[in-house]
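Among the features that TrEMBL reports, domain 'Major facilitator superfamily (MFS) profile' is placed at 87-300. According to TrEMBL, the transmembrane segment annotation covers 12-30, 133-150, 157-177, 183-204, 216-238, 244-262.
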Amino acid sequence: LKAVGDFGPFQKWLVLLTLFPCLSVAFHQFCQLFMVPDVPHHCETSWIRAIGPNLTEEEQLNLTLPRDADRVYEQCSMYSPVDWDLGSIVAYGLNVMEKCSSGWVYPSDHEVTLVTQFDLVCDRKDLNDISQSIYMVGLFLGSMIFGPLSDRIGRRPVILISVFVQGLFGVAIAFVPHFYVYMTFRCVVGASVSGITMTILALATEWVGVSSRPKAVLISHCCFAIWQMLLAGLSYGIRSWRLLEIAGSAPIFAFFFYIRVLPESARWLVTKGRLEEAKKVLQKAASINKRTIPPGLLQQ
């Protein structure tokens, strides 16, 4: 590497090429935080409309929902439906409570979020945390799968596979019909995130000289932080969680336009006995860096 150049134009371009997939990694790590905002809600109590079709919304809520100590409607409980006439309900009131049995009602002017789409409220609120844990399971599985795979078939193919899987399942998340399907796809995306981060780090450090590796890694971390800031702006501008997922996932497919110029690791080629291929990529790197490798050194 000293003969080729520790951190010449070749390595700088390589680091820049590997930054783009890191943007999507930052998105998938934190996007769900912006998809589950607190949304006002209350139990669905339209059963009373069959008894009093002319009730206003406020009258309906006042008759069917209990209030807390602050005189605010309870979000997760309701009065049990009865078969009384409206006059009896108004005169005596309801006092037997139960959990929401017919779903929840959200503000009509509120954008669709994961919370409102899949009712992640009350007893289902823990599903949000569970889905994040399942995403972390995906990270674990990805490290177990893609790490050894990159040692077996090469850094470049694993990066390509991981990018394709992340783009495909990332976009597919926006069209899932059920939250359990959402969690499954998030697990797959988590695995692809591990594949991208681990393999790109290996590829970059195997091409960059020891003295310049901290610089290359620092650039990657800075890019990760920048995308976190961009994610805040993106989620502010795109309130629909499905559109936000597409906007954060689809751009990764642009990586395929320059995958051909992404070099394989010369170190990995040598470990696999593919010496002629290793010599070619080393000579190409030296040429871009305007350096010359001594023939004797290359032969070694």
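The backbone N, Cα and C atoms fix where each Cβ goes, glycine too.
Taking residue pairs at least 6 apart in sequence, the transmembrane segment (183-204) and the transmembrane segment (133-150) share three or more C-beta contacts under 8 angstroms.
Taken together, the residues in the domain 'Major facilitator superfamily (MFS) profile' (87-300) have a mean pLDDT of 89 on the 0 to 100 scale.
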